[in-house]
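A short worksheet on the structure shown next.
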Amino acid sequence: MKAQPPLRLTAQAMAFVLAGGRGSRLKELTDRRAKPAVYFGGKARIIDFALSNAMNSGIRKMAIATQYKAHSLIRHIQRGWNFFREERNEYLDILPASQRVDENRWYLGTADAVTQNIDIVDSYDIKYVIILAGDHVYKMDYEIMLRQHCETGADVTIGCLTVPRAEATAFGVMHVDANLRITDFLEKPADPPGIPGDEANALASMGIYVFDWAFLRDLLIRDAEDPNSSHDFGHDLIPAIVKNGKAMAHRFSDSCVMTGLETEPYWRDVGTIDAFWQANIDLTDFTPKLDLYDREWPIWTYSQIVPPAKFIHDSENRRGTAISSLVSGDCIVSGSEIRSSLLFTGCRTHSYSSMSHVVALPHVTVNRKADLTNCVLDRGVVVPEGLVIGQDAEEDARWFRRSEGGIVLVTQDMLDARARALN
């Protein structure tokens, strides 16, 4: 009998995506949606990057744990990720926080989100589990990381990257030896330790963990019985493994998917208004830092059935144009000028208006003679005629959310409050 080719490692693995976080540093952008459901790049949601990485890596079994403001996220997954077929041994389960039998609590922490769904993970009949954060933007081949995990015999393998020490307070920070074995792990330290020989930077966790499922399963059960645990991977489980087991680091640069267009590995947290705006605006550069045009590593998402973008009017001072910008389907640029901006699906910009370095989420309307610079417009915002943003910092801060970096977040609630105050 002809020998069968060996299974890919990812065929024996599942991705467990933690997608329940609010992302409070994004302020009003997450008032109505969880951070993983926040829009990114013209048509995608942030969670699409983790799911696409898993899909492109060969993983066909996924579970998504949701909690905060989950409706828009669940609807997006149902619409855009509904092609998994049980007949092909493919699964994508959405696991909302719920009070299960004999329990009266929601997810208590990142580890507890997995613990409460042990029976579901068991049903997948997998050998490895890859724990993923659903709120980061990057392209990564998880199979390379999984292969390292198997070759080293680690209890856990943690994805890591180098970040400036000043930014490392938001991450788990680790020390490693010459063989990438983790010797110390601190979750979100107030004073992050630097890398020996490179004290300006720290080695930060990406929130990506690879485990043998049998090992993690036992660890989760013991953690659930510990009254002193916060039931969190970064605070409880990972430090315990570093101390008592074998924890290995995996450098993101070893598995980052790059096309040659990017000059360095790309990973963004987009956890603040400034970071969110910058990462979107970066896509308008002549040579973007993140290549979304890679047909070998597509970012899968829900695609609405909409007509192409349209540009109308061609008279002096009333010409529908977009320069160094991304304009999505169903947008109509009518006699207005768009520069270095990103328009999501279904936006309308009217005559004599101008936009520069603006991120407009779906179904935004910009009325006549508006002049907008350096701002983020939330979904469905209707910008009134003649509104000016980005020229007077004091006036911007009076009505809207102005970030430390000078980026202005505009929501419909803010515009309505402004209209009531001025009338």
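Here the Cβ of each residue, glycine as well, is placed from N, Cα and C on the backbone.
Record note: Swiss-Prot gives Tyr107, Glu187, Lys188, Ser205 as alpha-D-glucose 1-phosphate-binding, and the candidate from Gly80, Gly134, Gly172 in that site is Gly172. The maximal spread of the alpha-D-glucose 1-phosphate binding site, taken as the longest Cα to Cα distance among Tyr107, Gly172, Glu187, Lys188, Ser205, is 22 Å.
Over all protein chains present, the Cβ of Glu187 (alpha-D-glucose 1-phosphate binding site) has 17 other Cβ atoms lying within 10 Å.
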